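According to Swiss-Prot, the features are:
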REGION    1-23  region 'Disordered'
COMPBIAS  1-18  compositional bias 'Basic residues'
DOMAIN    22-57  domain 'EF-hand 1'
BINDING   Asp35, Asp37, Ser39, Thr41, Glu46  Ca(2+) 1 binding site
DOMAIN    58-93  domain 'EF-hand 2'
BINDING   Asp71, Asp73, Ser75, Glu82  Ca(2+) 2 binding site
DOMAIN    95-130  domain 'EF-hand 3'
BINDING   Asp108, Asp110, Asn112, Lys114, Asp119  Ca(2+) 3 binding site
DOMAIN    131-166  domain 'EF-hand 4'
BINDING   Asp144, Asp146, Asp148, Glu150, Glu155  Ca(2+) 4 binding site
Amino acid sequence: MSSARTVRKDKPRGRHHGLTQQKRQEIKEAFELFDTDGSGTIDAKELNVAMRALGFEMTEEQINQMIADVDKDGSGAIDFDEFCHMMTAKIGERDTKEELMKAFRIIDQDNNGKISPEDIQRIAKELGENFTVKDIQDMIEEADRDRDGEVNVEEFLRMMKRTSYAY
(Lines of atoms letter the chains of each structure in order from A and count residues from 1; the text may use other names and numbers.)
(Lines give C-alpha, C1' and ligand atoms only; values in the text may rest on other atoms or scores of the structure.)
Protein backbone atom coordinates (compact mmCIF):
# COMPACT_ATOMS: atom_id res chain seq x y z
CA MET A 1 0.00 0.00 0.00
CA SER A 2 1.42 3.38 -1.03
CA SER A 3 1.67 6.05 1.68
CA ALA A 4 0.47 8.62 -0.85
CA ARG A 5 -2.93 6.90 -0.85
CA THR A 6 -3.35 6.92 2.94
CA VAL A 7 -6.64 8.52 3.96
CA ARG A 8 -6.50 10.88 6.92
CA LYS A 9 -9.15 10.06 9.51
CA ASP A 10 -8.87 13.28 11.54
CA LYS A 11 -10.12 15.51 8.74
CA PRO A 12 -13.59 17.01 9.37
CA ARG A 13 -16.21 15.48 7.12
CA GLY A 14 -18.89 17.39 5.29
CA ARG A 15 -19.25 21.07 4.66
CA HIS A 16 -21.04 21.99 7.88
CA HIS A 17 -18.25 21.77 10.47
CA GLY A 18 -18.65 25.50 11.30
CA LEU A 19 -22.17 24.97 12.71
CA THR A 20 -23.22 23.83 16.14
CA GLN A 21 -25.40 20.73 16.18
CA GLN A 22 -28.32 22.86 17.40
CA LYS A 23 -27.90 25.38 14.55
CA ARG A 24 -27.67 22.57 12.00
CA GLN A 25 -30.86 21.05 13.44
CA GLU A 26 -32.66 24.43 13.20
CA ILE A 27 -31.57 24.74 9.57
CA LYS A 28 -32.74 21.18 8.84
CA GLU A 29 -36.12 21.85 10.44
CA ALA A 30 -36.50 25.08 8.46
CA PHE A 31 -35.57 23.26 5.25
CA GLU A 32 -38.11 20.49 5.87
CA LEU A 33 -40.81 22.95 6.93
CA PHE A 34 -40.43 25.10 3.83
CA ASP A 35 -39.94 22.27 1.35
CA THR A 36 -43.73 22.43 1.03
CA ASP A 37 -44.02 20.05 -1.92
CA GLY A 38 -41.74 17.43 -0.32
CA SER A 39 -39.44 17.46 -3.34
CA GLY A 40 -36.24 17.53 -1.27
CA THR A 41 -35.44 20.95 -2.73
CA ILE A 42 -36.42 24.54 -2.03
CA ASP A 43 -37.24 26.97 -4.83
CA ALA A 44 -37.00 30.79 -4.69
CA LYS A 45 -40.46 31.29 -3.18
CA GLU A 46 -39.88 28.65 -0.49
CA LEU A 47 -36.39 30.02 0.19
CA ASN A 48 -37.72 33.54 0.74
CA VAL A 49 -40.14 32.27 3.40
CA ALA A 50 -37.42 30.13 5.02
CA MET A 51 -34.97 33.04 5.16
CA ARG A 52 -37.56 35.30 6.79
CA ALA A 53 -38.29 32.57 9.35
CA LEU A 54 -34.57 32.41 10.18
CA GLY A 55 -34.42 36.18 10.70
CA PHE A 56 -33.16 37.43 7.31
CA GLU A 57 -35.09 40.01 5.27
CA MET A 58 -34.05 39.71 1.64
CA THR A 59 -35.06 41.07 -1.75
CA GLU A 60 -36.15 38.82 -4.60
CA GLU A 61 -32.85 39.58 -6.38
CA GLN A 62 -30.85 38.55 -3.30
CA ILE A 63 -32.83 35.29 -3.05
CA ASN A 64 -32.29 34.50 -6.74
CA GLN A 65 -28.57 35.31 -6.42
CA MET A 66 -28.25 33.04 -3.38
CA ILE A 67 -29.81 30.18 -5.32
CA ALA A 68 -27.60 30.85 -8.35
CA ASP A 69 -24.50 30.83 -6.11
CA VAL A 70 -25.15 27.30 -4.79
CA ASP A 71 -27.41 25.65 -7.39
CA LYS A 72 -24.91 23.32 -9.02
CA ASP A 73 -27.30 21.60 -11.45
CA GLY A 74 -29.03 24.81 -12.59
CA SER A 75 -32.47 23.53 -11.59
CA GLY A 76 -33.46 26.81 -9.91
CA ALA A 77 -33.88 24.97 -6.60
CA ILE A 78 -31.47 23.93 -3.86
CA ASP A 79 -31.16 20.70 -1.88
CA PHE A 80 -30.44 20.45 1.86
CA ASP A 81 -26.63 20.36 1.53
CA GLU A 82 -26.70 23.48 -0.67
CA PHE A 83 -29.12 25.17 1.75
CA CYS A 84 -26.96 24.27 4.76
CA HIS A 85 -23.80 25.53 3.04
CA MET A 86 -25.56 28.79 2.15
CA MET A 87 -26.96 29.24 5.67
CA THR A 88 -23.56 28.61 7.26
CA ALA A 89 -22.26 31.61 5.30
CA LYS A 90 -25.30 33.77 6.13
CA ILE A 91 -25.10 32.97 9.85
CA GLY A 92 -21.38 33.79 9.80
CA GLU A 93 -22.15 37.16 8.19
CA ARG A 94 -24.82 37.94 10.77
CA ASP A 95 -22.61 36.91 13.70
CA THR A 96 -19.75 39.09 12.44
CA LYS A 97 -22.07 42.06 11.98
CA GLU A 98 -23.41 41.59 15.52
CA GLU A 99 -19.83 41.56 16.84
CA LEU A 100 -19.05 44.77 14.94
CA MET A 101 -22.20 46.38 16.34
CA LYS A 102 -21.06 45.48 19.87
CA ALA A 103 -17.67 47.04 19.15
CA PHE A 104 -19.34 50.19 17.80
CA ARG A 105 -21.46 50.53 20.96
CA ILE A 106 -18.38 50.10 23.17
CA ILE A 107 -16.47 52.81 21.29
CA ASP A 108 -19.50 55.15 21.15
CA GLN A 109 -19.27 55.98 24.86
CA ASP A 110 -21.97 58.69 24.90
CA ASN A 111 -24.38 56.50 22.87
CA ASN A 112 -25.14 59.23 20.34
CA GLY A 113 -24.80 56.85 17.38
CA LYS A 114 -21.50 58.34 16.26
CA ILE A 115 -17.84 57.75 17.02
CA SER A 116 -16.16 61.06 17.80
CA PRO A 117 -12.45 61.87 18.04
CA GLU A 118 -12.92 61.87 21.83
CA ASP A 119 -14.39 58.33 21.68
CA ILE A 120 -11.33 57.11 19.76
CA GLN A 121 -8.93 58.88 22.15
CA ARG A 122 -10.64 57.29 25.17
CA ILE A 123 -10.70 53.73 23.76
CA ALA A 124 -7.10 54.07 22.54
CA LYS A 125 -5.99 55.11 26.04
CA GLU A 126 -7.90 52.15 27.57
CA LEU A 127 -6.07 49.84 25.15
CA GLY A 128 -2.69 51.38 25.97
CA GLU A 129 -2.37 53.12 22.60
CA ASN A 130 -1.30 56.73 22.24
CA PHE A 131 -2.57 58.34 19.03
CA THR A 132 -1.83 61.90 18.05
CA VAL A 133 -4.69 64.26 17.20
CA LYS A 134 -3.58 63.93 13.55
CA ASP A 135 -3.72 60.10 13.74
CA ILE A 136 -7.28 60.24 15.05
CA GLN A 137 -8.28 62.87 12.50
CA ASP A 138 -6.91 60.65 9.71
CA MET A 139 -8.87 57.64 11.04
CA ILE A 140 -12.11 59.62 11.13
CA GLU A 141 -11.55 61.12 7.66
CA GLU A 142 -10.92 57.64 6.24
CA ALA A 143 -14.42 56.48 7.23
CA ASP A 144 -16.41 59.74 7.44
CA ARG A 145 -18.36 59.81 4.17
CA ASP A 146 -20.85 62.52 5.16
CA ARG A 147 -17.97 64.74 6.37
CA ASP A 148 -19.55 65.62 9.73
CA GLY A 149 -16.32 64.91 11.64
CA GLU A 150 -17.67 61.72 13.24
CA VAL A 151 -18.27 58.12 12.14
CA ASN A 152 -21.85 56.82 12.21
CA VAL A 153 -22.73 53.13 12.34
CA GLU A 154 -23.12 52.77 8.55
CA GLU A 155 -19.74 54.40 7.97
CA PHE A 156 -18.19 52.17 10.64
CA LEU A 157 -19.61 48.99 9.10
CA ARG A 158 -18.56 50.08 5.59
CA MET A 159 -15.04 50.76 6.83
CA MET A 160 -14.82 47.44 8.66
CA LYS A 161 -16.14 45.61 5.59
CA ARG A 162 -13.14 46.94 3.65
CA THR A 163 -10.78 45.45 6.23
CA SER A 164 -10.25 41.88 7.37
CA TYR A 165 -13.47 42.12 9.43
CA ALA A 166 -15.67 41.74 6.35
CA TYR A 167 -19.15 40.40 7.02
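A Cβ is built for glycine as well, from the same backbone N, Cα and C atoms used for every other residue.
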Among Asp73, Glu82, Asp144 [binding-site residues], residue with fewest other Cβ within 10 Å: Asp73
Binding-site residues: Asp148, Glu150 - member with fewest neighbouring CB atoms within 10 Å: Asp148
CB-centroid shell, 8 A cutoff, Ca(2+) 1 site Asp35, Asp37, Ser39, Thr41, Glu46, site residues removed: Phe34, Thr36, Gly38, Gly40, Ile42, Asp43, Ala77
Between Asp108 (Ca(2+) 3 binding site) and Ser39 (Ca(2+) 1 binding site): CA-CA distance (Å): 49
All-chain count of other Cβ atoms within 10 Å of Asp119 (Ca(2+) 3 binding site): 21
Average pLDDT across the domain 'EF-hand 1' (22-57), rounded to a whole number: 84
Cα-proximity to Lys114 (Ca(2+) 3 binding site), 10 Å cut-off, over binding-site residues Asp37, Thr41, Ser75, Asp146, Glu150: Glu150
Distance, Asp37 (Ca(2+) 1 binding site) to Ser75 (Ca(2+) 2 binding site) (CA atoms, angstrom): 15
